[in-house]
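Engineer: The structure that follows is given in the form of structure tokens.
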Amino acid sequence: MCSLAAGNGRGAELGPEPLELSDSGDDAGWEDEDADTEPAHGRQHTPCLFCDRLFASAEETFSHCKLEHQFNIDSMVHKHGLEFYGYIKLINFIRLKNPTVEYMNSIYNPVPWEKDEYLKPVLEDDLLLQFDVEDLYEPVSTPFSYPNGLSESASVVEKLKHMEARALSAEAALARAREDLQKMKQFAQDFVMNVDVRTCSSTTTIADLQEDEDGVYFSSYGHYGIHEEMLKDKVRTESYRDFIYQNPHIFKDKVVLDVGCGTGILSMFAAKVGAKKVIAVDQSEILYQAMDIIRLNKLEDTIVLIKGKIEEVSLPVEKVDVIISEWMGYFLLFESMLDSVLYAKSKYLAKGGSVYPDICTISLVAVSDVSKHADRIAFWDDVYGFNMSCMKKAVIPEAVVEVVDHKTLISDPCDIKHIDCHTTSISDLEFSSDFTLRTTKTAMCTAVAGYFDIYFEKNCHNRVVFSTGPQSTKTHWKQTVFLLEKPFPVKAGEALKGKITVHKNKKDPRSLIVTLTLNSSTQTYSLQ
């Protein structure tokens with residue numbers, strides 16, 4: 001799943017450097033310690049960086065390294081200015097290359113663990129990789145331990161060490177001040193975005209959009225490419241086909257409304273199983289191709305095509321028996337097309353009629369993908385030798401739509417929204433929800449992913465369900481990923497409590513603003 005991947009352990013070659021990489025410890029002493037290194041049943045232990053002793057925590061391991069091997073992780077982190085990813089690389093470098101303590105203490109910049117290959121864990125569930133390196137960034141009160149042979153310059157070295165400690169402390173204080181300033185900016189941004197949303201009329205935003213405001217949305221569906229992608233999505237298209245073909249009683253001799261018909265595929269499915277009349281509505285230019293498609297398949301006597309927004313057109317009937325639509329967007333609600341379906345339901349659906357799909361859920365799941373997080377976030381720390389870390393503040397607030405590797409999941413999913421299309425209203429589509437993610441792996445939590453499930457249930461003799469989750473067959477909806485600014489360690493069995501708020505963006509009501517609170521940290525994301 002998403003636990004830290006196992007590696008080849010100790011004893012690997014360091015590389016071309018002519019260095020002695022065996023530990024200077026006494027082998028004979030190890031056998032005497034074996035009796036003390038057996039882990040208690042059911043407890044997680046991790047080995048020392050320089051010998052075979054096992055410990056139950058990172059703190060115990062580092063204390064042992066300092067006392068027995070003269071390796072001070074505090075000094076090492078401060079000496080090289082290591083943050084989250086640098087620390088991860090350091091630990092994996094030592095695990096993989098098995099260098100001596102003397103070699104590690106002799107290293108100056110550039111360090112040998114800069115490559116991204118050292119982001120890959122060597123030991124599964126390594127407790128040292130779950131240690132919060134920021135805990136080490138307190139004012140430095142003890143000098144660094146430098147190699148022997150510099151005693152003749154001791155006074156100069158001491159002064160330099162104290163100057164370096166003061167510089168590091170000042171740099172850390174400046175970083176904290178910048179972070180506080182950014183939090184203030186983020187708070188102001190979140191406040192403005194949420195006020196915008198709360199003050200808008202969510203029951204009419206989509207219906208009230210003018211042609212010049214909504215033209216880009218509909219023009220994007222005028223090109224064949226997006227329809228080709230959707231039609232080739234077998235999970236999507238075959239689920240609709242199976243629902244209609246396996247439940248013909250729902251459509252036979254009924255009047256059907258297809259909202260956002262596109263190429264007309266759902267309308268043709270309905271016509272094939274005996275619908276009396278199908279009214280297909282779409283505002284995009286693809287409707288003209290749909291007209292040709294309907295004629296080619298000799299269904300023009302059953303299917304009536306109407307170009308325009310469902311909120312603006314006049315239908316040739318007062319009421320319909322069935323409404324069908326493929327309205328789902330990323331994270332289910334992106335594009336706000338469900339608003340149009342609900343509008344059609346309230347205006348045109350006959351008493352006792354049905355809307356399909358009828359049930360939808362949105363779920364969240366925790367993700368651990370340190371390498372991908374580094375690629376997206378740590379990348380900006382050094383771009384061809386230049387510091388572009390300020391770009392992180394622009395990258396993190398944008399939700400990412402991508403396929404999540406199911407092996408990176410570290411929790412059970414949690415439903416945050418249940419929608420019954422027969423009873424829900426447009427105002428229900430903006431919501432807040434508390435959630436709890438039960439972790440299944442010990443790892444670093446780097447992101448939260450969202451997805452949705454779709455159900456065709458009402459009056460069905462053969463129920464049809466499909467999921468867009470990471471553990472199901474890939475769909476064109478993929479998953480929506482909310483990257484965490486600061487990953488944090490979790491242990492298997494933990495209950496991660498959080499809160500999510502989903503609103504339309506007032507300036508663009510087809511896009512979403514998502515505010516996520518997790519691990520005492522709040523971040524607002526845009527999906528647009």
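Backbone N, Cα and C define each Cβ position, glycine as well.
What Swiss-Prot records for 1-43 is region 'Disordered'. Per Swiss-Prot, N-acetylcysteine is recorded for Cys2. If you look up Swiss-Prot, you'll see Ser22, Ser24, Ser169 marked as phosphoserine. According to Swiss-Prot, the feature compositional bias 'Acidic residues' maps to 23-37. Residues or ranges marked as region 'Mediates interaction with ALDH1A1' in Swiss-Prot (evidence: similarity to another entry): 184-528. Look at Swiss-Prot and you will find 214-528 tagged as domain 'SAM-dependent MTase PRMT-type', backed by sequence analysis. Sequence annotations record features per position, and here Swiss-Prot assigns S-adenosyl-L-homocysteine binding site to Arg236, Gly260, Asp282, Ser284, Ile310, Glu311 based on similarity to another entry. Swiss-Prot lists Glu326, Glu335 with the feature active site, giving similarity to another entry as the kind of evidence.
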Engineer: Can you count the other CB atoms that lie within 10 A of the CB of Asp282 (S-adenosyl-L-homocysteine binding site)?
Structural biologist: 25
Engineer: Between the Cα atoms of Gly260 (S-adenosyl-L-homocysteine binding site) and Glu335 (active site), what distance do you get, rounded to the nearest Å?
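Structural biologist: Gly260 (S-adenosyl-L-homocysteine binding site) and Glu335 (active site) have their Cα atoms 12 Å apart.
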Engineer: What Cα-Cα separation, expressed in whole Å, is found between Glu311 (S-adenosyl-L-homocysteine binding site) and Glu326 (active site)?
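Structural biologist: Between the Cα atoms of Glu311 (S-adenosyl-L-homocysteine binding site) and Glu326 (active site), the distance comes to 17 Å.
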Engineer: List the Cα distance (Å, whole number) between Arg236 (S-adenosyl-L-homocysteine binding site) and Glu335 (active site).
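Structural biologist: Spelling it out, the Cα of Arg236 (S-adenosyl-L-homocysteine binding site) and the Cα of Glu335 (active site) are 17 Å apart.
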Engineer: Considering only the binding-site residues Asp282, Ser284, Ile310, which residue has the minimal Cα-Cα separation from Glu326 (active site)?
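Structural biologist: If we rank Asp282, Ser284, Ile310 by Cα distance to Glu326 (active site), first place goes to Asp282.
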Engineer: Other Cβ atoms within 10 Å is the metric here; tell me which of the recorded positions Glu311, Glu326 scores highest.
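Structural biologist: Of the recorded positions Glu311, Glu326, the most buried by Cβ count within 10 Å is Glu326.
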Engineer: For the region 'Mediates interaction with ALDH1A1' (184-528), what is the mean per-residue pLDDT, to the nearest integer?
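Structural biologist: Across the residues of the region 'Mediates interaction with ALDH1A1' (184-528) the model's pLDDT averages 89 on the 0 to 100 scale.
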Engineer: To the nearest whole angstrom, what is the C-alpha distance linking Asp282 (S-adenosyl-L-homocysteine binding site) and Glu335 (active site)?
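Structural biologist: Between the alpha carbons of Asp282 (S-adenosyl-L-homocysteine binding site) and Glu335 (active site) there are 15 Å.
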Engineer: From the Cα of Glu335 (active site) across to the Cα of Ser284 (S-adenosyl-L-homocysteine binding site), what is the distance in angstrom?
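Structural biologist: If we compare the Cα positions of Ser284 (S-adenosyl-L-homocysteine binding site) and Glu335 (active site), the gap is 14 Å.
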Engineer: Provide the number of Cβ atoms within 10 Å of the Cβ of Arg236 (S-adenosyl-L-homocysteine binding site), excluding the reference atom itself.
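Structural biologist: There are 20 of them.
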Engineer: Should Glu326 (active site) be counted as helix, strand, or coil on the basis of DSSP?
Structural biologist: coil
Engineer: Just jot down the residues in the same chain as Ile310 (S-adenosyl-L-homocysteine binding site), at least 6 apart in sequence, with C-beta under 8 A of its C-beta; none if empty.
Structural biologist: Val259, Gly260, Val281, Ser340, Tyr343, Ala344
Engineer: Through the lens of DSSP with three states only, how would you label Asp282 (S-adenosyl-L-homocysteine binding site)?
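Structural biologist: SS state of Asp282 (S-adenosyl-L-homocysteine binding site) = strand.
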Engineer: Given that the record lists Arg236, Gly260, Asp282, Ser284, Ile310, Glu311 as binding S-adenosyl-L-homocysteine, what is the largest C-alpha to C-alpha distance among them, in Å?
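Structural biologist: About 26 Å separates the two most distant Cα atoms.
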Engineer: According to DSSP, folded down to helix, strand and coil, what is Gly260 (S-adenosyl-L-homocysteine binding site)?
Structural biologist: coil
Engineer: For Glu311 (S-adenosyl-L-homocysteine binding site), what is the secondary structure by DSSP, using just helix, strand and coil?
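Structural biologist: In the DSSP reduction, Glu311 (S-adenosyl-L-homocysteine binding site) maps to coil.
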